[in-house]
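Some features that TrEMBL has for this protein:
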REGION    1-102  region 'Disordered'
COMPBIAS  1-18  compositional bias 'Polar residues'
BINDING   Cys166, His181, His337, Cys341  Zn(2+) binding site
Amino acid sequence: MCSSKLKNLTQENISQINGRPVLQPKSNQVPTLDRRNSLKKSPPKPLNPIASKIPSPRPISLISPPLSPNTKSLRKPAGSCKELLRSSSTKSKPVISPENSDGGYKEVMPMVIVQKQPGSIAAARREEVAMKQEERKKKISHYGRIKSVKSNEKNLNVEHEKKKRCSFITTSSDPIYVAYHDKEWGVPVHDDNLLFELLVLTGAQVGSDWTSVLKRRNTFREAFSGFEAELVADFNEKKIQSIVNDYGINLSQVLAVVDNAKQILKVKRDLGSFNKYIWGFMKHKPVTTKYTSCQKIPVKTSKSETISKDMVRRGFRFVGPTVIHSLMQAAGLTNDHLITCPRHLECTAMAAL
């Protein structure tokens, strides 16, 4: 029985080649066409039914066809470095990207880097400069030679600095304060009533500011009878209380004004006028300073301290060194306008009269 089985196996493995029996192993046998078709794997079904209807792009073969020995080589002979740079900067080949989501391949053009030849920027710059020089020569030949723009701008800046007011006057300053700076501050004053008024106003600005005081200037004039020292000195308690109630001026301030009016009358009897008394400390000649910044202007000086001490000795009130220095600035005893301010020269010219 074993011999019959062996005989059957040998007969299945023997094939006739050129009329001769040849033993052929099963591992080398090629399967039939039907068996080969059955072994093929079916593609997986897509999950999305809509995607199955979209035809997939034709894949691009990555394998290049074989070249015959007679075909010429596609490779170009190597040249110089400059030629290689030019060719690399101007030519680009498509790159095949990996498989996309649809199962196909797509061509992607690489980014082309343009490399300029060395010296091209400098050459362009030289041409631009040459063109500008030619245009300038044409303008000079037509209009004549003119001053440079930079020198004109410098002159404009100097003129702007000359017209600039003192730095404490800004764009947000109140117009009444600006008008006071442009017309009154630093102008020499020799009228007794106006000197008395400025003394009261400078004392009133303690704890306040000039703008608020200037806005109430007319109120002070009405309350104190135009700053007539003879009238103010005769105010009784009833009049003083009515000023406090009607004009809203502090009681201590009203009493100080009345006392100062009485001291001014004594000065007039001794020296003839309040003007002679105040200007006598300056030898009847104003001081002209040359400050370039408001931060350098002092709040008091040795002269204001001297005047303050003498006035306190005579019985004046609210006449500290700072208040007196402010009075000196307002009445023109000292010209503290900045040298860049146009009022500096104007006040200096007024003092020379």
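Numbering starts at 1 and runs along the chain as it is shown here.
Using the three backbone atoms N, Cα and C, a Cβ is placed for every residue, glycine included.
Cβ atoms within 8 Å of the centroid of the Cβ atoms of Cys166, His181, His337, Cys341 (the Zn(2+) site) belong to the same-chain residues Arg165, Phe168, Ile169, Trp185, Gly186, Leu338, Pro342, Arg343, His344, site residues excluded. All protein chains shown were included, and the count of other CB atoms within 10 Å of the CB of His337 (Zn(2+) binding site) stands at 25.
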